[in-house]
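Per TrEMBL, the features are as follows:
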{"type": "DOMAIN", "residues": "592-845", "note": "domain 'ABC transporter'"}
{"type": "TRANSMEM", "residues": "281-302", "note": "transmembrane segment"}
{"type": "TRANSMEM", "residues": "314-333", "note": "transmembrane segment"}
{"type": "TRANSMEM", "residues": "364-388", "note": "transmembrane segment"}
{"type": "TRANSMEM", "residues": "400-418", "note": "transmembrane segment"}
{"type": "TRANSMEM", "residues": "424-446", "note": "transmembrane segment"}
{"type": "TRANSMEM", "residues": "505-532", "note": "transmembrane segment"}
{"type": "TRANSMEM", "residues": "941-959", "note": "transmembrane segment"}
{"type": "TRANSMEM", "residues": "1015-1039", "note": "transmembrane segment"}
{"type": "TRANSMEM", "residues": "1051-1075", "note": "transmembrane segment"}
{"type": "TRANSMEM", "residues": "1081-1101", "note": "transmembrane segment"}
{"type": "TRANSMEM", "residues": "1113-1132", "note": "transmembrane segment"}
{"type": "TRANSMEM", "residues": "1163-1185", "note": "transmembrane segment"}
Amino acid sequence: MTVRETLAFAARCQGVGSKYDMLLELARREKQSKLKPEEDLDIFIKAMSLDGKDASLLVDYILKILGLDVCADTLIGDHNCKGISGGQKKRLTTGELLAGQSRVLFMDEISNGLDSATTHHIIKYLKHSTCSLDATTVISLLQPAPETYELFDDIILLSEGQIVYQGPRDSALDFFSSMGFACPERKNAADFLQEVTSKKDQQQYWSGHPSDYEYVPAEKFAESFRFFPVGTNLCRDLFTPFNKMNNHPAALSTSKYGVTMWELLKIGYSWHKLLTKRNSFIHVFKFVQLLFISFVTMSVFFRTTLHRNTIDDGGIYVGSLFFSMNIILFNGFTETAMIVMKLPVIYKHRDLHFYPGWIYSVPYWLMSIPTSLIESGVWVAVTYFVVGYDPNYSRFFKQFLIYFLLHQMSLALFRVMGSLGRSMIVANTFGSFAMLVVLGLGGYIISRDSIPRWWVWGFWISPLMYCQNAVSVNEFSGHSWDKSFGNMRLGDAVLKSRNLFTENYWYWIGVGAMVGYIVLFNLMFTFFISYLRPLGRRQAVISNTEFLEMERKRKGEAVVIQLKEFLQHSGSSNGKTRTGKGMVLPFQPLSMSFSNINYYVDVPLEMKQQGISEDRLQLLVDVTGAFRPGVLTALVGVSGAGKTTLMDVLAGRKTGGHIEGSIFMSGYPKRQETFARVSGYCEQTDIHSPCLTVLESLLFSAWLRLPPEVNLQTQLAFASEVMELVELIPLSGALVGLPGVDGLSTEQRKRLTIAVELVANPSIIFMDEPTSGLDARSAAIVMRTVRNIVNTGRTIVCTIHQPSIDIFESFDELLFMKRGGQVIYAGPLGPRSCKLIDYFEAVEGVQKINPGHNPAAWMLDVTSMAEEARLGVDFAEVYKNSELFQYNKELVDRVSKPPSNSKELHFPTKYCRSFFGQFLTCLWKQNLSYWRNPQYTAVRFFYTVIISLMLGSICWKFGSKKEKQQDIINAMGSLYAAVLFIGVTNSAAVMPVVSTERFVSYRERAAGMYSALPFAFAQVTIEFPYVFVQTLIYAVVFYSMASFKWTALKFIWYIFFTYFTILYFTLFGMMNTALTPNHDLASIISAPFYMLWNLFSGLLIPYKRLPVWWRWYYWLNPVAWSLYGLLTSQYGDDNTLILLSDGINRKPIKKMLRDGLGFRHEFVGIAGIVVVGYCLFFAVIFAYAMKTFHFQTR
């Protein structure tokens, strides 16, 4: 959805609330006072207070307030599809709440990723609306600027889980002054309040004699606050009962949702209609797939090749019907992944009371009906008469009806699996298990009379059993099957041979059962999305040291973080500072210069449809500058100014668009292969493998990026030094985890991102918003780390949002950009930002900076678009006409020339490590990731155990039954079912794992850690032992329960074919993920292959009954070779006589396999070679697809 559509949806769901009542009251008072309102104001108030379909005026107002009007019609996007920026997404989340009419707002860190001017603008609006409407607003902010902090009436200061202060903002400093702590000059009061309660920072703010200082813990602050006048008044107010007589009846809402259920239903339907339209590619792709398979089915079961003379002829028709049901059933499997992807949004809307669960599920179900009508209709229309089913139009429409209901049941079933599983791996496993139960007990793979009595209940609850009987009765009760066979109709004989019911009323029983299951599964889906919570617990990791301190409440000498040395802190500080060991690996200082950088992207089709005629959109305009060793440069600008875009262009991270201009490294043209070896890039999103520890993440980076001559002991020492530098030593053994779910906190993750780049010992480092999402103290830690790195002679460039005075003035130089990608200042800051201030104050009409005001916030305010319009100037033109611009051009020209006697940086190889070294390192990482990923490894082992026990109990002693042909067919089905379903489950479960690791690998490969091939082969290799354990579990359990012949050779062959079959299914899933942008599309593409492999396996239609034009594909089908090997290795040398399906003749099993199926025992070895070959083929395609295709757009 676009930004505008998202806000409009939120506004319509939440309604106008009490605004309508307020409008009525206003109109009554105007009438009573005989006042005539101003016309424009009257129209505005009425538009804001009345329910409207589009809520367009309110949406436009919020877009303007939040600065989202520039991207209003841009799709939001995700990690694979480029959309709006991170800061814009944060503002959009805020906008969704502002579009509603809540009287109480709780907002958590809404300023992350926003510049200080935008944050101030938003908070100013919130203050105005809070005061005007007498609302209650509670906001937590990180690093608020002084002018933003001053907008608040009250503050709550939390420390170690206790309220240290709660009351008027103006009295906060007085309270701490009474405790002996003073806020220094030019120190942001908000930063002071946070740091004064910190054990490591407190001492520097002690206003008394240094010898009198003693650490004041949070408990003492909290206790003292109760006796402070503000605390005393607060306690008195808390113990005073609220007088309900003073409460207005409209103060509290009497309804759970903002609008009526009928209105919500209409909103939900239009929303799903829009999403269906936006996802039309997936629906069209699925339809084309189905159409393709229908043509294949039509040509395989071609009417001229089929007959109606014997029971075996009827068996082919039963197989074609079963395959059709398989296709339609499997067509709904992709619903699982699609639902899991949507669940976070559903949960957010549900918890915000946008709508109840049924409002989501009912329109979702209604929108699926046309899909089912089209797909089932096309299938029946294409296949019915060409295959040669009974030529009766009533039976044609009855088959269409039952297939339509089956498709609806399938979609509902897999929605349930997705909403129950809630994670991609678990949901796919649940879906595969449901598919196995439905198919295995449906009455075709294992006939009804062969199902053990303890599993008969499963037969009666299988939806496919009802559909199988309904569609079979519909076909075989037709006149084309009236031919006599013994003392009954041929059609009845075929049904009885398969233990299917022969009565016509079973069709309507099937229809009724399908309708019942559709209702049941949709009710279950509604229940799950209404009441289940997301998997995982939102928690962060604290170090063991912090935990012990909290538990024991130990007191000791404070270790002070002195910002004066590194951040030019203006206040005084006392105490001792920590000093590092000073261990530095040698590196070559490098400078970077760039001239006239322009960057264009192709205009999206949506924007062209809105009237934009240009083919390209320019995001950077003639950007020129230089970054030098030992100089810390800040890249600043409002959201959307192009800061991250410029860094991506300079770092060579852009994967699309058109770049113009020149970039030099120490005077030589930049070469990306060399540059990647000497540079680091800390991305705005902290992307790491979730199952590694902090130390392991650093070692992985060090092993692959440090020169081979640096031994392991030195790497460990250097990694420890870096961890100490960024204060990660206490967390060295903590798992990284998933953002927002478990593992490291945002601030810890940010420091890890920096550390991962530092252990590569780079000469130049780009940091994209290293302090976003951090509080003032954490930001100070990060910037102190950055300052330390710069002091070693490295070149560092940081984009930064809403910096405090301390952080902003820790930079040496500034590159300031305005919206549109133009530079408006590039140069030194000077002491207390004097050079920056002098430059802008020299522009006529620019407002002077107030004493103590943050220069970063001031410069954003005075250069805003509104100020440009007021002054009638273009700050980009002012800069180009300035002496500073001429000086910078001369500087760039000077830096762009190589120093005398210098040599261009060159490395003999592209990567630090050899191919085999990269492979071993990636394998080490994959081994740890798999071992610590129980959602993937443990779930599939558990699934294998369940499947083996279930199938073993269903197929109890099938291997020892050798009396009639159906016994061999049952054994064949049992051998086939398990490897097929475990294989398909593995294929589906591995897709999100590969997708996640591929996303991490984009960053690591861009950093020059390794090439794609060793990474891919490591991911292939790590699957070998896990698949082998699965095989052993299944083989031992199922082989013994099914009572196949216990000889060493047969059992080894069974393990061999089972292992390589499961393995090539797993590799096939990995290959499809590598060939597609995401695992959703990979699962959609995989589905028809599973169906074709199933069709041509030899189970549904034997090789000898295939049309000659399709026999070639039988030999290309890996599943056919697996079934060939499994069945022939067990029965290919067995001479036991069995009764054939005609009930008269007998034949040895060996001869029956050869004559009926074409299976020869002497070809078992060839079948084994072929399945191994498929494993190698899929693995190689996977590896080269990972190398060739890059789906991350930047």
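Keep in mind that glycine also has a Cβ here, set from the backbone N, Cα and C atoms.
Automatic prediction, not curation, is the source of TrEMBL annotations.
It is 941-959 that, among the stretches 941-959, 1051-1075, 1081-1101, 1113-1132, forms the most Cβ pairs under 8 Å with the transmembrane segment (424-446). Counting only same-chain residues 6+ beyond the ends of the transmembrane segment (1163-1185), those with a CB under 8 A from a CB of the stretch are 1012-1013, 1016-1017, 1020, 1053, 1056-1057, 1060-1061, 1063-1064, 1067-1068, 1070-1071, 1074-1075, 1118, 1121-1122, 1124-1125, 1128-1129, 1132. Below 8 A, the CB atoms of the transmembrane segment (1051-1075) and the transmembrane segment (1113-1132) form 3+ pairs separated by six or more positions in the chain. Sequence-distant residue pairs (6 or more apart) of the transmembrane segment (1081-1101) and the transmembrane segment (314-333) include at least 3 whose Cβ atoms are under 8 Å, placing the two stretches in contact.
Same-chain residues lying 6 or more positions outside the transmembrane segment (364-388) and placing a CB less than 8 Å from one of its CB atoms are 269, 272-273, 276, 283, 286-287, 290-291, 294-295, 297-298, 301-303, 306, 317, 320, 324, 327-328, 331, 396, 399-400, 403-404, 406-408, 411-412, 415, 522. It is 505-532 that, among the stretches 505-532, 941-959, 1113-1132, forms the most Cβ pairs under 8 Å with the transmembrane segment (400-418).
Using a Cβ-Cβ cut-off under 8 Å and counting only residues 6 or more beyond its ends in the same chain, the transmembrane segment (505-532) has close neighbours at 343, 346, 350, 356-358, 360-362, 365, 398, 401-402, 405-406, 408-409, 412-413, 415-416, 419-420, 422, 463, 466-467, 469-471, 473-474.
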